[in-house]
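Below: one structure, written as structure tokens.
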Amino acid sequence: MKRALFIWWSVLLLWSVPSPVHARSMEPDFYEMFDNHGSIMLLINSDTGEIAYANQAAADFYGYGRETLQNMRISDINTLGPEKTAAEMQLAVQEKRNHFVFQHQVADGSVRTVEVYSYPYLYGDHPMLFSIIHDVTAKTLLEEEAKRDARFRQCMLVGIILLLGAFSLALYRSRKKIDNARVLRQTFMDADNGLIYLKDENGRYVFVNKAMERFYQREAEEIIGRDDYDLTSREFADKRRQTDQAALEKKVLVVDEVRWEGKVYKTTKFPVDLANGKVGVGAYIKDVTEEVQHRLEREKSLKRNKILAQVFGREFASTQEQLDYALQEAVRMTESRFGYLFLYDDRQQAFSIHSWSKEVLGDCRKAAQASMEALDKTDIWENAVHQPGPVIMNRMPEPEGQGGKPGAGHPDIRRFMSVPVLVEGRIVAVAGLANKPEDYNENDVYQMSALMKGVWNARDKKEAELKLASEREKYLKTLLSIGDGVLVTDGEGRVEMLNAVAEKLTGWQSGEARGKSYREVFALSHASLAEEINDPVQEVFETDSVRELASHAVITSREGKRHHIEDSAAPIHGKDGEITGVVLVFRDVTEKKEQRQEIEYLSFHDPLTDLYNRRFFQEEVRRLDTKRNLPLTVVIGDVNGLKLTNDVFGHDAGDTLLKRMAEIFKRSCRADDIIARWGGDEFILLLPRTTSEAAGDIVRRIQVEAAREQMQAIRCGVSMGWRSKEHMEEKIENVMDDAEDAMYLQKALDRKNSQEDMLDGILKTLHEAIPREKGHGERTCRFARAIGQALDLHPSELRRLGTAARLHDIGKVGLEMEQHPVVGYRILNAFDGTMDLAEAVLSHHERWDGTGYPKGLAGEEIPQLSRIIAIAEAYDNLVRSVGRKKALEEIQAGAGSLFDPELTELAVRVLGREEK
């Protein structure tokens, strides 16, 4: 019907195509028919897929407005997508296919199944597809549901058929499996050497394996249905029935061992539920005779090892106690009654009994005598030596002439075994056992031989350990008592022991250090800290040889104190030659090193100024006299006033002056310059790569600082000279000589000014320290000159008298007042301009009667100028204390004792007039 309607519409449209004018006249009818038709109709541009026109039924179906729908492409609706939709359209255009079933998506997003009839149509120049669309969604769902029902019924039928087939196959296989299981069970049981059977509730056999057939020597048919009483002896049947009943009554698995005719059987029996509802007995019986024998041997081996462990590990008071214990345990292990241990001396070929079991004491009094017996008189014992090897005698011959009984003092031995103990192929002992309930066998020999060998090794080890312990104790005491530090490590470098010296040096107690790494306890470093040092302990582990510690080694104690040490490390070897540890021996050489360093220091340094000495300077000159150090300049300086300082203030003051000058040299020079005390009051500098101009700057710095230096009353200074070596052809010795000549030249040029400065400085210091001395000196000078003029002295002599009188107390600048004439003499004698005054000043405290000082001169021995100064000084002092008149009287009273009588008479007249 739908198809016919579609054809009718198509014919109608095609009929109206030829006349465009006519078509336009018919156009309203066409649109009316198209729009009002209830079928879904679309006019689609076949080239672009655009929906050119859609009727109202299409708009209602798709849920879009007509304008919206006519602005869409057919691919926007068709779920196939643009490419596949275009391909389907081409099939309709080419009329290869006109009927289609598509999935179209409507405006609400749902998808509908549609049946499409589509035909090409040319509208003007535009190729179109006229499509009529039917919604077949419900129809499709019904058809699919019908198909599913049909498929379900078919599947159910096939399933039932398959289920019936599978059940039949499973039934067949089950029967097959049961048959195979029976065969496999029987095959499995027949392959086992153990006896396997099943009995019913009455003890009759239900099935048996081949081993049971062989055991009873009957076929299975002859066994099944019968019980043990029908098949074997009553005694054996009772044993079986007993274990069967135990499994049935307890309803648990029962394991037991049954011994029969020299064999051991292990029986495993268990209850079995039978098909008739009764309970039968299943059994697995295995011949374990060999296993039991092996087990007994293992037990004996364990016992032997336990004995050996006790012998090795237990503490025994002596080797005698150790051997007694081992023998007693051997008797117990072998179930013997008697045991002996004889020591054998192969040189004397004689036995001596060493140990015996407890039971022997009751039966063998002879054993207690512990006497030596010759080998040929020891009966059965000698066999173990003659063979040499173990001896077993399980059938002992009857004692001759004794009526078959043993002699007095001997036990009745029925079975006997002896084993020699060999050490390095030599028999050292024979162990014997007797009267075991059963025969002795090779296993007993093996166990006893192994035991005694181990025991003897333990005995030797014990004796070696005791000896080693004694030696170790001796060596340990030696190590602990020696004056060097001793540290012992194990093979891993952990500390085992420290002696008292090592404890003191490391700061660790031995107990605290034990187990710690030696590096933690023995904190080793280089003396300079910046350099690495070899580790002697590590080197021993690496080289297996004795190693010496490098010099400059220092250990730092736990408290942070550093010790310079010398040491050596040696390996400790085990018995196999492997390194088991290291012994480190070290001694504190801090004091020794300090002394050596001090000696080295003193050998190259001046002890007073701490500068380098002449020896070091000469070596440095030789070392630095190279081309790369040119110009090489030598500076020599001489301290002015050192002798005067020594004379006036003593050598301590002179030493202080030299130290101050040394500090000035250090401050004024560079770090690389060599400064040394050349000798006495001379210093010398060696200036590498220094021009003469640069050396002059250094000299000026030194002289400026030295000029500021004053020792007590003496203003000091330094005279300096220098020369530079600029070519290698020049000899450094000549350069040094030239520098010294330059220094002496400057000293000579500066001598006068220097002396005047010193003298003025002394006087200034004196007057500042004792202000009255300035006036006293001037007055004494005036009084002395007056007396000198009265004596009509030569003008030059008069000048000498006046200067000496003014300077007569210059010596009071020194420390000792009573020695000031001597000090004054030294001061004046040090200067060219006052040297002729020195004697007059020295003697101005001498007395006419010889009781003065410092020389105790008398009368005319005293220089005339000194006698005049003495009167003038005394007068000035008296005038200030008692007045002029009294002073003159005192002077007059001193004539002939203190003063020269003639000079006194003259002086009183002159001074009296002077005062008036």
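Keep in mind that glycine also has a Cβ here, set from the backbone N, Cα and C atoms.
Feature annotations, reproduced from TrEMBL:
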- 1-23: signal peptide (SIGNAL)
- 156-172: transmembrane segment (TRANSMEM)
- 196-251: domain 'PAS' (DOMAIN)
- 472-544: domain 'PAS' (DOMAIN)
- 548-601: domain 'PAC' (DOMAIN)
- 630-760: domain 'GGDEF' (DOMAIN)
- 751-916: domain 'HD-GYP' (DOMAIN)
What does the DSSP secondary structure composition of the domain 'GGDEF' (630-760) look like, as residue counts for helix, strand and coil? 71 helix, 34 strand, 26 coil
The DSSP breakdown of the domain 'PAC' (548-601) into helix, strand and coil residues is 12 helix, 27 strand, 15 coil
What is the three-state DSSP composition of the domain 'PAS' (196-251), stated as helix, strand and coil residue counts? 32 helix, 8 strand, 16 coil
Please count the residues of the domain 'PAS' (472-544) that DSSP assigns to helix (H, G, I), strand (E, B) and coil. 33 helix, 15 strand, 25 coil
Mean pLDDT across the domain 'HD-GYP' (751-916) comes out at 86
